[in-house]
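S.K.: Here it is, the structure, as structure tokens.
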Amino acid sequence: MFAFGLTVVRHGETRYNKERLLQGQGVDEPLSATGIKQAEAAGLFLQNVVFTSVFSSDLQRAKQTASIILSYNSNTSGIEICYDPRLRERGFGVAEGKPIGDMKTMAKAAGQPCPHFTPPGGETLDQVRSRVKVFINTLCQEIVAKQESQPFNKVSPLKSIQDYLNNTSERLPATTNCVELQENCQESSNGTLDIHAHVLVVSHGTYIRNMVKYFVDDLQCTFPKSMKMSHAFSACPNTGMCHFVVTVDLGNKCPRTVDCIFINRKDHLEDIKDN
């Protein structure tokens, strides 16, 4: 059995996020001043995690976020960020650049709930899910191949999580429950899996929600007992973090199971003030 840790981070805030305008793929905005601070806070929070691979959407807001996060990490020297268009946000077609309320109006006129409505020229949720599946399958194949040619040192998922919590304890609010995270990690991995790699992925809100949906529907993702499903599918805040342990079938090199450690954590944003 082969397993790897997967940390997924949403990009930092842009002006369009602040003004509640849809970006999708056609609007390629840089991070706002607040977004840069959020990415820096995420970098500090993850500074001691040993990432073996880093992937990012090729849109500017995600590329900036990934670069800032790595600039704070002392364990990723020499690791290049792989910019992958499969990690892009959902395409919203004619709704891109317009207020979110306009898409809701279009959905209502079409007699459809907004989250499932596809604006003209936009991507369907099934198309987004297909991109997620292809990316995850390819990621598993690449990691296994790399392990076979150049074995990684084993990386404990508990140690990875606990390290960055311990080393940022002074910056974390009292609400952070490190004991709970330890229990979640031990519960999910059953204490038996050897974690051979740890991957960082920087992507977008709708994409990340569809990734979680794929993990649940196709890979029977498990969650900590204390987590409500409404939280699992809630909107990820800018630079919100999710952590999973992905188990790979060595026969076909495809994902077999996924265990969620946490979703949409935002402890690192406690001291960030909106500009």
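Placed from the backbone N, Cα and C atoms, the Cβ positions cover glycine too.
Whatever TrEMBL says is automated annotation, not expert-curated.
Reproduced below are the annotations present in TrEMBL:
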BINDING   Arg10, His11, Gly12, Glu13, Thr14, Arg15, Tyr16, Asn17, Arg61  substrate binding site
ACT_SITE  His11  active site, tele-phosphohistidine intermediate
ACT_SITE  Glu89  active site, proton donor/acceptor
S.K.: When you measure from the Cβ of Arg10 (substrate binding site), how many other Cβ atoms are you left with inside 10 Å?
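M.R.: Result for Arg10 (substrate binding site): 30 other Cβ atoms within 10 Å.
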S.K.: Any same-chain residues 6+ apart from Gly12 (substrate binding site) with CB under 8 Å of its CB? Would you list them in sequence order, or say none?
M.R.: Leu31, Ser32, Thr34, Gly35, Ile36, Lys37, Gln38, Ala39, Ala42, Arg61, Gln64, Thr65, Ile68, Asn238, Thr239
S.K.: Once near-sequence residues are set aside, which residues in the chain of the residue listed as 'active site, proton donor/acceptor', 6 or more away, have Cβ atoms under 8 Å from its Cβ?
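M.R.: Within the chain, the residue listed as 'active site, proton donor/acceptor' has Cβ neighbours under 8 Å at Gln23, Gly24, Gln25, Ser57, Leu59, Ser203, His204, Gly205, Thr206, Tyr207.
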S.K.: Find the longest CA to CA distance in the recorded substrate-binding set Arg10, His11, Gly12, Glu13, Thr14, Arg15, Tyr16, Asn17, Arg61; express it in Å as a whole number.
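M.R.: Of all Cα pairs among the recorded substrate binders, the widest measures 15 Å.
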S.K.: Taking the Cβ of Thr14 (substrate binding site) as the centre, count every other Cβ atom within 10 Å, in any protein chain shown.
M.R.: 23
S.K.: Write out the long-range same-chain contacts of His11 (active site, tele-phosphohistidine intermediate), meaning residues 6 or more apart in sequence whose Cβ is under 8 Å from its Cβ.
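M.R.: In sequence order, Leu31, Gly35, Ala39, Ser57, Leu59, Arg61, Ala62, Gln64, Thr65, Val202, Ser203, His204, Asn238, Thr239 meet the Cβ cut-off.
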